[in-house]
Amino acid sequence: MVQRSKSSANWLREHFNDPFVKQAQKDGYRSRASYKLLEIQEKDRLIRPGMSVIDLGAAPGGWSQVTSRLIGGQGRLIASDILEMDSIADVTFIQGDFTHDEVLQRILEAVGDSHVDLVISDMAPNMSGTPAVDIPRAMFLCELALDLATRVLKPGGDFLIKIFQGEGFDVYLKDVRSKFDKVQMRKPSSSRDRSREQYLLGRGFKG
C-alpha cells in the first residue's frame, strides 16, 4: 500500500470536511469553485441571459455549469482546459494546452466573427509550492488570458480572472486598467483563507 504524505493526508481531510465541497455534492456542481463564481455573480451581476462567454481553465466544469444555467438556451459558452471535461449541454469544449498557439486558434475559430460579452478564467498552473516558480507561471497564464480577451471581447465587455499576489501583479493590474473602464478585486468567502488567489474583475472593455 502506498503511504500518503502528511501534507496529502491533511489536504484530503480538509477537502472532505470542506462545507463548500459538501454543498457542491448536494447541489450537483462538479467543484467547490462554482460557489466562487456564484458569489461574484451575486455581487456584480456579470452573467446575463443570452450572453456569449469564454471559460478558460474550465475543467471539471464548475464555472461552466453556473454560466450555462445563467445564460440559458439563447446564450453561447465556449470552454477550454488542458484536462478532459465531461460534456455539458450547449457548451462547446476545446481540450488542449492554452499556452499552445493551436489551442488559441481553435478558440478563436469557435468564436468566429462575432465577439463575446465576457471572458472568465479560473486557470492556475500545477503548483509546486514554491512561490518563485508558481507565481511567474500563473502570471504567464494571466497574460495569455488578457491577450485573448482583448481579441474577442465586444466593446463594453467584461473580464474575470484568477490571479495570485506576487511578482508581476502590479504591472498586470496597470495593464488591465489601461484596457477596462473599471477594475476591482474580489476574494470570495469560498476561496480558502490560506490561498493567495484573488479574482480580478475588469468591467467595460475599451475596445
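Quick reminder: no glycine exception, Cβ is built from N, Cα and C everywhere.
Copied over from Swiss-Prot:
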type	residues	note
BINDING	Gly61, Trp63, Asp81, Asp97, Asp122	S-adenosyl-L-methionine binding site
ACT_SITE	Lys162	active site, proton acceptor
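Features as recorded by Swiss-Prot, highlighted on the structure.
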residue : record                               : DSSP (3 states)
Gly61   : S-adenosyl-L-methionine binding site : coil
Asp81   : S-adenosyl-L-methionine binding site : strand
Asp97   : S-adenosyl-L-methionine binding site : coil
Asp122  : S-adenosyl-L-methionine binding site : coil
Lys162  : active site, proton acceptor         : strand
(request) Take the Cβ of Trp63 (S-adenosyl-L-methionine binding site) and count every other Cβ within 10 Å, whichever protein chain it belongs to. (result) 29
(message) Return only the integer: C-alpha distance in Å from Lys162 (active site, proton acceptor) to Asp97 (S-adenosyl-L-methionine binding site).
(response) 17
(request) Could you work out which of the binding-site residues (Asp81, Asp97, Asp122) has its C-beta surrounded by the smallest number of other C-beta atoms within 10 A? (result) Asp97
(request) Have a look around Lys162 (active site, proton acceptor) and count the other CB atoms within 10 A of its CB, chains all included. (result) 23
(request) Please find, for Gly61, Trp63, Asp81, Asp97, Asp122 as listed binding S-adenosyl-L-methionine, the greatest distance between any two Cα atoms, in Å. (result) 18
